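> Here's a structure for you.
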Amino acid sequence: MAEAHISITVNGEAKEVEASQTGVELFADDKNIIAVRLNGELRDLYTPLHDGDNVESVTLDSPDGTGIMRHSATHVMAQAVQEVRPDAKLGIGPVIENGFYYDFDVKDPFTPDDLKTIEKHMQRIIKSAQRFQRRVVSEEEALREEADEPYKIELIKDKEDALETEAAVDISHKELSMYDNLDREGNVVWSDLCRGPHLPNTRYIKAFKLERAAAAYWKGSEANPMLQRIYGVAFPTKDELKAYQTRMEEAAKRDHRKLGQEMDLFSFPDEIGPGLAVFHPKGAAIINAMEDYSREMHRKNHYSFVQTPHITKGGLYETSGHLQWYKDGMYPPMHLDEEKDENGNIVKQGFDYYLKPMNCPMHNLIFKSRQRSYRELPLRLFEFGTVYRYEKSGVVHGLTRVRGLTQDDSHIYCTREQMKDELKNLLNFVLKVLKDYGLNDFYLELSTKDEHKFVGSDEIWEEATNTLAEVAEESGLELVADPGGAAFYGPKISVQARDAIGRTWQVSTIQLDFNLPERFQLEYIAPDGSHQRPVMIHRALFGSIERFFAILLEHYAGAFPAWLAPVQALGVPVADEFAPHLDKFMNSLEEDLVRVETDNSDDRFGKKIRNASKSKVPYIIIAGEEDMNNNAVSFRFRDGSQLNGVPVDQAKAWILETITKRVQVNSVDDFKAATGQPVENVEFGVADTDAE
């Protein structure tokens with residue numbers, strides 16, 4: 001009897017195949033294919049195919065394929081942990097950027113030696129080519145099989161809650177499934193609750209490394225047990241893993257926490273508390289330069305500057321919805337203004353006051369403070385507003401995740417007719433300013449509606465999303481979709497910037513809001529006299545000053561361009577007798593607001609130069625006998641190159657020019673390119689100034 005056939009579409013091409021086929025047979029000739037996208041859903045290669053299916057191949061080196069490989073590596077790690085620690089109870093194990101983690105409940109924390117042992121067990125499991133096999137199970141079967149895994153039982157019983165968290169890697173809204181690891185004889189050697197998909201077998205995991213272990217609360221809540229989390233990375237090839245490790249070594253050298261201490265920029269005193277930074281004079285100089293330029297650009301782009309208090313009555317956040325949606329991220333209330341008589345009876349009711357977590361409610365009150373006309377729109381409000389968010393102590397990280405942060409916060413109110421032009425101008429403004437700070441490699445991410453969680457009409461969501469997409473496409477930048485990733489109140493574009501070593505940072509966000517104008521009953525008078533709701537746009541260009549400071553510090557590895565550098569010019573006299581001449585020049589720079597220092601210590605000249613070089617200052621200004629006799633100074637740059645005998649007036653003009661142009665200068669060549677041709681009789685070259 002002839003084998004029955006089915007009609008399917010494979011990578012866009014119609015095919016007739018045997019009814020019993022799976023992706024394994026369909027793609028048997030291409031070992032780089034490790035999974036399929038079946039009717040739009042990622043599935044294992046072993047998934048049976050049916051008539052009418054649309055099948056797309058997924059290769060190991062694709063984003064989807066790499067994610068599947070990393071999740072399979074998570075299972076291999078969990079299996080290895082339970083071999084090494086049989087009493088370990090399983091939490092969850094999602095994929096994260098570059099790798100994965102898994103949470104375990106164990107008696108003793110994992111040590112570096114434990115990680116080495118676990119890696120060896122993983123290597124053995126990988127070499128044994130264990131096959132991943134999926135089984136659909138009922139809730140009763142899952143509870144029975146996971147009887148010794150209390151955290152898995154919790155996920156099974158609370159499926160709906162689990163779907164809203166990283167536990168969704170284990171739980172599907174459709175069905176429950178187990179994944180068995182089978183040895184070459186087909187025996188089950190390990191199992192885990194998981195929605196999948198997974199690799200055909202473990203040998204597809206070519207390059208991995210366990211990085212570290214850390215404590216983590218179950219489901220991220222301090223009310224839950226403390227678990228041990230193991231982090232790992234995995235890549236399709238060993239070369240990619242090696243390249244990643246090289247990048248991480250460079251990232252460690254650029255760590256803003258390390259550089260901040262070495263360069264005396266900021267600190268986190270224990271007396272103040274976690275996530276609350278203090279900026280030292282040099283760090284504050286950088287902050288001031290960042291803010292000054294931002295203010296200048298906002299003035300040029302017709303923003304109105306506002307200022308709002310740090311605390312407010314809780315009723316404002318009831319109106320905005322923050323107390324409903326965001327209370328866990330807010331500091332506890334302060335009950336104030338209550339008055340009692342001598343008997344303790346309340347004679348005047350008090351109010352709960354909160355530290356503000358966001359500036360937008362107060363900006364809405366400014367908009368609402370009087371009647372608005374369409375002639376006033378677009379109205380662009382801007383503030384460097386400090387906000388306070390209660391981040392768990394285990395989450396705070398240097399300046400990138402803090403509890404007190406200052407946002408360069410803007411809220412734009414416009415008509416629907418103005419929305420496209422406003423968004424276009426806003427994106428161009430954001431990109432221009434980011435480029436001036438030295439970030440030039442961008443892509444955009446468009447977060448669209450979650451069909452199950454949104455406010456506002458489908459019509460306005462569609463209009464706003466299409467408008468954002470048009471604006472993004474007109475920018476010429478790569479646009480990456482984030483389906484369902486928008487907040488409930490509106491779609492968003494985020495600007496993702498790559499730094500000097502290729503890492504991606506989310507910097508600016510442009511967020512439409514259909515919620516707050518309704519909650520605050522914001523209105524303007526339209527040309528026909530009717531009352532209309534404005535379109536509201538949230539925009540944070542830096543995100544926060546603190547986080548953007550950290551990004552720039554790591555991007556430049558502390559070697560800021562002169563306009564941002566905490567010390568822009570450092571004077572080093574060759575000998576004491578030349579100090580007065582040098583001091584006169586440095587004072588003239590300071591009169592023009594150049595940030596200067598002079599090393600008048602007792603150190604020998606060579607040591608002063610070495611110390612100056614370590615400080616990453618853009619311009620080391622040297623004065624020796626020839627400089628003094630010719631009323632000149634010499635420059636030494638970060639790369640060790642030197643420019644000698646520059647007349648003081650020309651030297652000052654060049655320094656001011658490079659600061660004004662906001663260019664990076666690390667060498668003589670950079671300096672020449674920034675300032676044009678040097679004056680007559682001035683030579684560019686390298687001089688030996690390290691001699692004692």
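Cβ atoms are placed via backbone N, Cα and C, with glycine included.
Since this is a predicted model, take the numbers as computed values, not measurements.
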> Swiss-Prot records CYS360, HIS411 as Zn(2+)-binding residues. Which of HIS256, HIS531, HIS538 is assigned to the same site?
HIS538
> For HIS538 (Zn(2+) binding site), list the number of other Cβ atoms lying within 10 Å of its Cβ atom.
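Other Cβ atoms within 10 Å of HIS538 (Zn(2+) binding site): 23.
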> Please give me the CB contact count at 10 A for HIS411 (Zn(2+) binding site), counting all chains in the structure.
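The answer is 24 other Cβ atoms.
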> What counts of helix, strand and coil residues does DSSP assign across the domain 'TGS' (2-59)?
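So the counts come to 4 helix, 30 strand, 24 coil.
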> Same-chain residues six or more away whose CB lies under 8 A from the CB of CYS360 (Zn(2+) binding site)?
SER320, ASP409, HIS411, ASP513, LEU516, HIS538
> Starting from the Cβ centroid of CYS360, HIS411, HIS538, the recorded Zn(2+) site, name every other residue in that chain with its Cβ within 8 Å, sequence order please.
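Surrounding the site, in chain order, are MET358, ASN359, HIS363, ASN364, ASP409, SER410, GLN511, ASP513, LEU516, MET536, ILE537, ARG539.
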